[in-house]
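Structure first, then comments.
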């Protein structure tokens, strides 16, 4: 299926917008006189890199800070005891239950508002571009980091205050949902169908590459600054500010011709332009409309698969608590493990996807099955680990797992026309980010209930969810009967059609109903 960005102006060939803002055809180079240089293709990757570097720099430190706050304020233990809490078994269990419960409510606060905003965000970004939602999301994360700095300077504030002072204010801009949906929609807009899987994989690898670098560097800075939480989150905020600055200067407001600049609106009409009920109506109709060759069913199944795949994300905070409980690991030892684990992820992202797709020629569904099975197998190793180094074996096995996410996103992007992509990616973000409302609660309840008997139970939960992903991919693979997803997708008609063109309908399948564009 071809990407279509606007009414063809070059003999009927579909068009899309290059990273630098030029309009290019889907199957030709951006300039006929020369090939596009590699650095001209760089777009949202630095924005994502800086954002994820900020996150990974404090990922382990943040978990330690939550534990420290719960220990010193909620339970009233001394500074020295809380810095060396791994040495106090009974105190450790008390504080871990408090921290685990905090994770549960923090996750709920973190994702409820962005999920609501996503109903408007997709259609709005299709009309106004991907740049502004991305910048707003980054600003929300900057607010979070600044308020964590404030919390580090307030020794009497309990850990729960983080929810009210940092988490809730930050999510009002869409936060992670806005960032990820905008970045992946931006990449999909400016790439051809043929190169999209590779470019989405590169974007995934870009932010995954920050994991080993960020965790290792964060641990070194944390120890070098006398374990100062204030310094760590100040650096975090600085990196986010750099990401915002780059996005403002480098990224284009329009990635397709049908998008209109937000500057055409007076400032007082901008909120009404975003919170237009037609955005919700349009989004729901687009998501629910019939598609040929069972593509609607495939779309729903892929989104459910993404939800179950990301379920294991909320295992991570419990993994930190588990290693401290089971193996008496401190922040340094856990940082070493996370550095190795994330480095293995990056290597597999750079080597695994090209190996599976280009060398072995595996279908997308087979790659998903391999990745899901790798995640499940790794948890089997974690369950039976009796010494800490065995966890490294599990991390090596699970390194194949992250190939699942970019392949799922690529499959979804190939199933929908350009003018629906923002909506579909927003719904994908909803499916992705609604998971913590359930997974965070489940992991918390399972861990708290089993902490004195069988704390490995959290890994059984992860195994179950990853096997759901495996069987969904297997069902799609069997249903396709040897065809690719592209073969099940009709060639998109060159639309005169955009979400902002009142008199014209969106590109639709031959037998699909036209979505009303009335305002």
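Our numbering is plain: 1 for the first residue shown, then up by one each step along the chain.
For all residues, glycine too, the Cβ spot is worked out from N, Cα and C.
TrEMBL does not curate its annotations; it predicts them automatically.
What TrEMBL says about this one:
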REGION    1-32  region 'Disordered'
REGION    489-519  region 'Disordered'
TRANSMEM  48-68  transmembrane segment
TRANSMEM  108-125  transmembrane segment
TRANSMEM  132-150  transmembrane segment
TRANSMEM  162-188  transmembrane segment
TRANSMEM  200-222  transmembrane segment
TRANSMEM  228-249  transmembrane segment
TRANSMEM  297-313  transmembrane segment
TRANSMEM  333-353  transmembrane segment
TRANSMEM  365-385  transmembrane segment
TRANSMEM  391-412  transmembrane segment
TRANSMEM  424-445  transmembrane segment
TRANSMEM  457-476  transmembrane segment
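Of the Cβ pairs linking the transmembrane segment (297-313) with the transmembrane segment (391-412) and spaced 6 or more residues apart, 3 or more are under 8 Å, so the two regions touch. With a threshold of 8 Å between CB atoms, the same-chain residues lying at least 6 positions outside the transmembrane segment (391-412) that come near it are 184, 196-197, 200-201, 203-204, 208, 299, 302-303, 305-306, 309-310, 323, 337, 340-341, 344-345, 347-349, 352-353, 356, 364, 367-368, 370-372, 374-375, 377-382, 385, 424-425, 428, 466, 469, 485.
Two recorded stretches are said to be in contact when at least 3 C-beta pairs lie under 8 angstroms, sequence spacing 6 or more; the transmembrane segment (424-445) and the transmembrane segment (162-188) meet this definition.
In summary, the transmembrane segment (228-249) does not lie against the transmembrane segment (108-125): fewer than three C-beta pairs, each 6 or more positions apart in sequence, are under 8 Å. Taking Cβ pairs closer than 8 Å, the transmembrane segment (108-125) reaches residues 132-133, 163, 167-168, 171-172, 174-178, 181-182, 185, 273-276, 278-280, 282-284, 286, 422-427, 429-430, 433-434, 436-437, 440-441, 499 in its own chain, all 6 or more past its ends.
When Cβ-Cβ distances below 8 Å are used as the criterion, the transmembrane segment (162-188) is approached by residues 3, 43-44, 47-48, 51, 66, 69, 102, 105-106, 109-115, 117-118, 121-122, 125, 130-131, 133-134, 136-141, 143-144, 147-148, 150-151, 196, 199-200, 203, 251, 255, 409, 413, 418, 421-422, 425-426, 428-430, 432-433 of the same chain, each at least six residues removed from its ends. When Cβ-Cβ distances under 8 Å to the transmembrane segment (457-476) are tallied for each of 132-150, 333-353, 365-385, the top count falls to 365-385. Within its own chain, the transmembrane segment (132-150) has Cβ neighbours under 8 Å at 44, 47, 51, 54-55, 62, 65, 121, 124-125, 162, 165-167, 169-179, 181-183, 186, 229-230, 233-234, 236-237, 240-241, 243-244, 247-248, 251, 253, 262, counting only residues six or more beyond its boundaries.
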